[in-house]
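Asks: Please read through the structure below; I'll follow up with questions.
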Amino acid sequence: GYGHTVPLSDGGKAFCIIYSVIGIPFTLLFLTAVVQRIIVYVTRRPVLYFHIRWGFSKQVVAIIHAIVLGFITVSCFFLIPAAIFSVLEDDWNFLESFYFCFISLSTIGLGDYVPGEGYNQKFRELYKIGITCYLLLGLIAMLVVLETFCELHELKKFRKLFYVKKDKEEDQVHIMEHDQLSFSSISDQAASMKDDQKANEPFVTSQSPTSNDSSLNN
């Protein structure tokens, strides 16, 4: 959040808080869902294709792909937009434009540089809409690149250094307790089912053996 447009009334501030509480989680869910679908076509399938088609090592292909994807993202969402902003904004040079792109796409948003604030600027409304689309696409591209680098085997090994190791004996004890509880519950259920079957069976009168013998003799 950056810029000079802020709520001033109490009602506007309250609405801004409620809107942020609802809107931020839905925005994160939306970005996560979009990134998970894009990364299949941008990262996983190309790496698998070069691995199976050309027989290259999957780890090497993944590293080269991540570097190329990062270079393309930096060029398309940092260098080229910075050059465009330096031309469209009168008092911005290339470094200030690149600074704005980095601060915006890294979700820092300090607000010291805001494009499209000049009232004499041509097509100001359309310019603002274009900046909004650029920021949205840039955030998705940054998340795709980060997810691509996180899937590298070397980074996965590095992340394992920070995992909390579990005690195997405690795990085995929990598994044994779980198994005992499950077996006991199954046996209790079987016993109760047998009792219910016995209770539901009709009563059959038993005949004495003498009456059976007499019927056979006749």
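Cβ coordinates come from backbone N, Cα and C, glycine included.
Bear in mind that TrEMBL entries carry predicted annotations, made automatically and left uncurated.
Relevant sequence annotations retrieved from TrEMBL are reproduced here:
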type     : residues : note
DOMAIN   : 1-38     : domain 'Potassium channel'
TRANSMEM : 17-39    : transmembrane segment
TRANSMEM : 60-85    : transmembrane segment
DOMAIN   : 74-150   : domain 'Potassium channel'
TRANSMEM : 97-114   : transmembrane segment
TRANSMEM : 126-146  : transmembrane segment
REGION   : 188-218  : region 'Disordered'
COMPBIAS : 203-218  : compositional bias 'Polar residues'
Asks: Can you work out whether the transmembrane segment (17-39) touches the transmembrane segment (126-146), with the criterion being 3+ CB pairs under 8 Å where the paired residues are 6 or more apart along the chain?
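Replies: With 3 or more qualifying Cβ pairs, these stretches touch.
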Asks: With DSSP as the yardstick, break the domain 'Potassium channel' (1-38) down into helix, strand and coil residue counts.
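Replies: Reading the DSSP string over the domain 'Potassium channel' (1-38) gives 29 helix, 0 strand, 9 coil.
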Asks: For the domain 'Potassium channel' (74-150), how many residues does DSSP put in helix, in strand and in coil?
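Replies: Taking the domain 'Potassium channel' (74-150) as a whole: 54 helix, 0 strand, 23 coil.
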Asks: Which value does the mean pLDDT take for the domain 'Potassium channel' (74-150) in this predicted structure?
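Replies: Looking only at the domain 'Potassium channel' (74-150), pLDDT averages out to 90.
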